[in-house]
Structures are given as C-alpha cells and as structure tokens.
C-alpha cells in the first residue's frame, strides 16, 4: 500500500479504523503521519447513511476516540474542533473497507450506504471525487457482487497477490 503511486502522490487521505475482521490499517495510518500527509477517518451518524471524514492530529490521537455501539472508534458527536475533509481541501485518496468485491470495482459494504453517499458528496466538491482503493483479503474477491444504481464503483482493489 505505502509504495502505491496514488498513495505516494496523495496529501489528504481518508482511511477506516479497521475492525478485527478487516485488513488492519494501523501501520498505514502511522505511515501517513510519518510522511507528513493529512489523515481523515470516518464518523458515522447512526440511524442515517451520513458519514463525515474528520481529521486526526496524530496516530496517537486514535486513543482519544470514543467506541460506538458498533465497536468502531470514531470522534464523538460533540467533537466539533476537527476539520471535515469536504469543508476544507477535499480528499486525494480514500481507502475503503468492504465485505466483498468483484473485479469490475463493485463493492459490497455493510448495507447502510455510508461510503456511496459520501462519494456522491465528494463529486460535488470543487476538488472532485478522490481516487478510491479498497483494502481486501483475497477471499473477499468474488465473481460478482450485487449492486444498485446508488453504488459508486471503486477505482482499485488491493489484496494479497493481486
């Protein structure tokens, strides 16, 4: 991941904080800060499909985050000091999680549409849609995954031996 040309050229990167069954992102987050890039993480709004990408100040900043009912670390709702990526300079790259992927760039998420809705908002930002890379295990690559007209295809899927 860290030698990928899109990662190397990106300055503003959004990445998920991995759950135990996902590709682990901790080392990537540390590298983002080591290289002097800006790091943004999701804050999901329950009972909706709204998500913001909020800026982390450091890799250690993760330890200050609240654990949600979904067991995901994220900035709390009353944390208003963090920059939201689309309120500033947009994003260059988004690393995306998922449950399944096909080689046409279709992604099966967890069913709420958070990332698809966020990418729609990115397309309206002056900086446009960021490049999207899904981080996957080889076992998550399928012949095809079900999609709807609201699903936004991802640009690239990285997985072991791809």
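Cβ coordinates are placed from backbone N, Cα and C, and glycine is handled just like the others.
On a predicted model such as this, the values are computed, not experimentally measured, just so you know.
Look at TrEMBL and you will find 17, 22 tagged as substrate binding site. Neighbour list (residue 17 (substrate binding site), Cβ cut-off 8 Å, at least 6 residues apart, same chain): 25, 29, 41, 42, 62, 65, 72, 73, 74.
Sequence annotations record features per position, and here TrEMBL assigns ATP binding site to 107, 108, 109, 110, 111, 112, 113, 114, 115. Here residue 109 (ATP binding site) comes close to 97, 98, 99, 115, 116: these same-chain residues lie at least six apart in sequence, with C-beta atoms under 8 angstroms from its C-beta.
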Rounded Cα-Cα span from residue 22 (substrate binding site) to residue 111 (ATP binding site), Å: 16
Cβ contacts of residue 107 (ATP binding site) (under 8 Å, same chain, 6 or more positions away): 96, 98, 100, 101, 115, 134, 145, 151, 153, 154
Distance from residue 22 (substrate binding site) back to residue 113 (ATP binding site), taken between C-alpha atoms, in Å: 18
